[in-house]
Amino acid sequence: MSDGGSGGSGSGDAALLGPPEKDVYDSTRAIAYMSICIALSYQCLTEFPHLIVMHGGVCFFFPYTVILITVGVPMAAFEMLIGQFRGRGCLEIWTCVPVGKGIGMAMLLKTFVICAYKAFENACTFFYFLQTFQDELPWSHCYTWWGASDLNCRERKVNDTSRENMHSAQRQCQLAKEKVYTKTQQPNYDPGKNATVFHLCGKPVMASYQDVMNLSECLDPRGFSENSFYLHGMLKVTSGIDDFGGIRWELLVCYIFTWFFIFVCTAQGVAAVGRAWSDASFSVLTGLAIGLGQLHSLASFNSFDSTTVYWCYFLLPLGMTMSNILCSVIVFGVGGSLAKQLGMCFADFDSYSKITLL
């Protein structure tokens with residue numbers, strides 16, 4: 001790092017707008033690396049593939065691209081330019097406009113809330129990492145010691161013959177569901193008074209009670225041991241909102257460790273380094289960290305007369321988009337192969353629908 005006194009070399013009063021002493025990046029590549037770090041997140045693996053499935057596949061890229069070009073890039077450029085010009089973070093950057101100080105406080109509060117649950121994602125990852133050091137993975141079977149029971153967990157068959165039989169049965173169930181779905185789409189179909197809803201490929205289907213009872217063996221609400229361990233072994237999900245349950249001390253320790261790791265990485269500062277349209281807007285704005293104050297702080301460490309920011313605010317959305325596409329290809333490749341083996345729709349995976357809530 002170098003002293004910012006030499007960085008604020010602008011002329012006139014403009015040079016005085018920056019702080020008298022401010023660290024700046026030693027290398028022009030530093031801000032590029034920091035921009036890529038902002039663009040890469042768990043959102044690439046969880047939220048973006050979920051939005052593609054929910055909004056009809058490739059069709060989602062149209063509103064996403066429009067929002068990215070018309071809103072994401074201009075706002076990212078504005079925040080980075082004003083951050084470099086003022087040389088301050090999200091709180092002090094509004095000193096020139098006192099009425100906007102509340103915006104800086106809102107940015108800081110929003111960042112804290114987002115970091116709170118993003119750190120929990122890291123804590124869950126660390127929890128799973130620790131579980132891999134056991135002789136046998138706890139989610140390999142429905143063990144009662146972590147909360148499995150006949151009501152919430154079902155075993156996978158271990159021998160190849162049973163596995164093939166299981167896959168064949170699941171394919172038959174999928175065909176039976178599709179047959180009922182086709183029947184319900186007939187214009188003269190009447191589900192009757194006891195109509196029941198079940199889900200096919202992520203879509204709710206209203207069918208008669210008799211049709212649903214014919215699928216009773218296929219509509220098993222229990223998850224496999226992997227899903228059950230996630231819900232009942234790690235999260236200890238309760239029966240309802242009125243039952244708070246107890247503190248998960250293992251997750252609490254992992255959560256504290258995650259915050260400690262964040263503190264260690266940031267303590268030394270930069271020296272250490274429609275519904276579809278609505279969801280597309282949310283994905284772009286959160287992916288680019290718009291309105292969180294991060295871009296202000298990121299660009300504030302640039303020297304006053306640096307020109308690297310001009311191509312960094314194009315690198316940021318480009319890196320986010322490419323990482324989203326790459327992660328989506330990976331998720332759909334692995335999930336699609338598994339769905340074909342199980343005879344299921346990708347959108348019907350319990351674990352996939354749960355992870356998008358994080």
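Just so it is clear, glycine is given a Cβ too, placed from its N, Cα and C backbone atoms.
Looking up Cys142 in TrEMBL gives a disulphide bond whose other cysteine, out of Cys124, Cys153, is Cys153. Of all the Cβ atoms in the protein chains shown, 25 others lie within 10 Å of the Cβ of Cys153 (disulfide bond).
Long-range Cβ proximity for Cys142 (disulfide bond), meaning a same-chain Cβ under 8 A and a gap of 6 or more residues, is found for Ala148, Ser149, Cys153, Arg154, Glu155, Ser225, Ser228.
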